[in-house]
Every structure is written in structure tokens, then in C-alpha cells.
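Down below is the structure, laid out as C-alpha cells.
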């Protein structure tokens with residue numbers, strides 16, 4: 001179909017007249033819809049930024065005020081002897097939220113409660129793990145978060161499907177490359193399988209950032225921006241904990257399998 005001065009001429013030769021005012025109205029409607037999507041995105045990720053700033057300030061104040069005897073304490077630092085216990089909280093909270101929202105309407109109070117529930121494992125991590133390890137995991141998570149959400153928010157609307165295909169292709173290639181590197185190492189098969197599974201979960205969580213950003217841009221009304229912000233924040237914290245889980249997996253398996261081949 002080609003356009004000629006207000007006329008739309010299909011390939012079969014039929015001429016359809018479209019007044020210029022309707023064309024301008026369609027263009028204005030699309031522009032306003034895109035502006036509204038940007039407003040929702042700004043409110044949502046602005047709220048995520050405030051949550052990150054508040055949580056960082058809370059954890060920094062706690063680590064500064066905590067007694068020196070708490071750091072790497074044998075009873076408090078479960079991340080060395082049984083690190084998986086720390087990660088039970090985010091996993092169960094994600095499962096509970098999914099089950100709750102499938103049978104009940106979305107409730108911001110429930111999400112805020114489970115957001116605060118992530119603070120104890122983060123405190124344990126800050127007290128028991130090396131600060132360089134925590135900072136590197138946080139930077140990796142934020143880089144993946146900003147990359148996926150940036151593509152989703154800045155790309156034109158007509159490339160939504162192409163965005164999804166590109167992001168999923170990149171995630172698949174990244175996962176394949178990491179698995180190839182893992183399989184070529186001289187570790188035990190148990191360690192290789194568990195590590196590959198953890199990498200898969202993390203890659204899925206990273207790709208979820210892109211889908212969440214698309215949902216915020218195209219589907220979330222402005223009055224539900226806070227609810228969307230809490231969901232995005234939960235996925236961000238969950239991914240951070242999964243990245244730390246992978247980084248501490250070697251110590252975990254050494255403790256339980258007592259193998260020197262890892």
C-alpha cells in the first residue's frame with residue numbers, strides 16, 4: 001500500500017481517502033502514548049533507584065555500626081559452612097509472590113513486606129563475604145539491569161519483537177559460552193552440573209529485566225508504577241543474590257563434598 005496526498009492506494013488498485021486530520025490525530029496519539037510510557041518508566045525506575053539508595057544506606061550504616069566481633073563470626077556467617085541457607089529467603093519469597101498474585105489481586109503491602117525480608121540475607125552477606133566480591137557482583141547485576149532496561153526503554157515500538165529475539169539470543173550465547181568454559185575445566189561433574197544450573201537461573205533472571213522493562217513501558221499505568229517498581233526491585237535483588245550464590249558455590253561444594261578436585 002502506498003500513500004499519495006491523503007489517499008491510500010492498495011496494491012489491488014482500490015483508492016481509500018484518509019483525511020489529513022485523522023493522520024495527524026493518529027500521530028499525536030502515538031506520541032502521547034510514548035510520552036506516557038516514558039512517564040511510567042521514569043516513575044518506576046526512579047522508585048527503584050530510591051529503594052536501592054535506601055537499602056544501600058541501611059546496609060552501610062549497619063556494617064559501620066556493627067561490632068567488629070560480628071564480622072566472619074562462626075555462628076552468624078553461615079555463608080562459609082552452609083551458604084544455601086541465606087538464599088532460601090529470596091527463593092521462597094519469589095515463589096510465594098508468584099503463587100499469591102495468581103490467586104489474589106496485587107497488593108503493594110505484601111510486596112513491600114517481602115522486600116524488607118531480603119534485608120537479613122544482605123546483612124549476612126555484607127558481614128561475612130569479602131567486600132570486593134560483593135561489589136563486583138553488584139556491579140555485574142546493575143550492568144545487566146541497565147543494559148536490558150535501556151534497550152527496552154529506548155528502542156522504537158516497532159522493534160519490540162526484535163528486541164526480545166536479540167536479548168534472548170544474547171542470553172543464550174552467553175549461557176552456552178559459560179557452560180563450554182565450565183565443561184572444559186577439571187572440576188567434578190557434580191560441581192559442573194550445579195554451577196551450570198545456577199548460571200542458567202541467573203541468565204533467566206537477567207533476561208527477565210528486559211521483559212519487565214517492556215511491561216513497564218507498554219502495559220503499566222501510572223497509578224501502578226509503585227507496584228511495578230517493587231517487582232523490578234525484587235528481581236534485581238534476587239539476581240544479585242544468585243550471582244553471589246554462584247561466586248560462593250565452590251566453597252559450598254568443598255564443604256559438603258570434601259573434594260580437592262573442584
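Cβ coordinates come from backbone N, Cα and C, glycine included.
Listed in Swiss-Prot for this protein:
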type: TRANSMEM; residues: 46-66; note: transmembrane segment
type: TRANSMEM; residues: 77-97; note: transmembrane segment
type: TRANSMEM; residues: 108-128; note: transmembrane segment
type: TRANSMEM; residues: 133-153; note: transmembrane segment
type: TRANSMEM; residues: 163-183; note: transmembrane segment
type: TRANSMEM; residues: 186-206; note: transmembrane segment
type: TRANSMEM; residues: 226-246; note: transmembrane segment
Listed stretch, out of 46-66, 163-183, 226-246, that has the most CB pairs under 8 angstroms to the transmembrane segment (108-128): 226-246
Within-chain partners of the transmembrane segment (46-66) [C-beta distance under 8 Å, separation at least 6 from its ends]: 115, 119, 122-123, 126-127, 225-226, 229-230, 232-233, 236
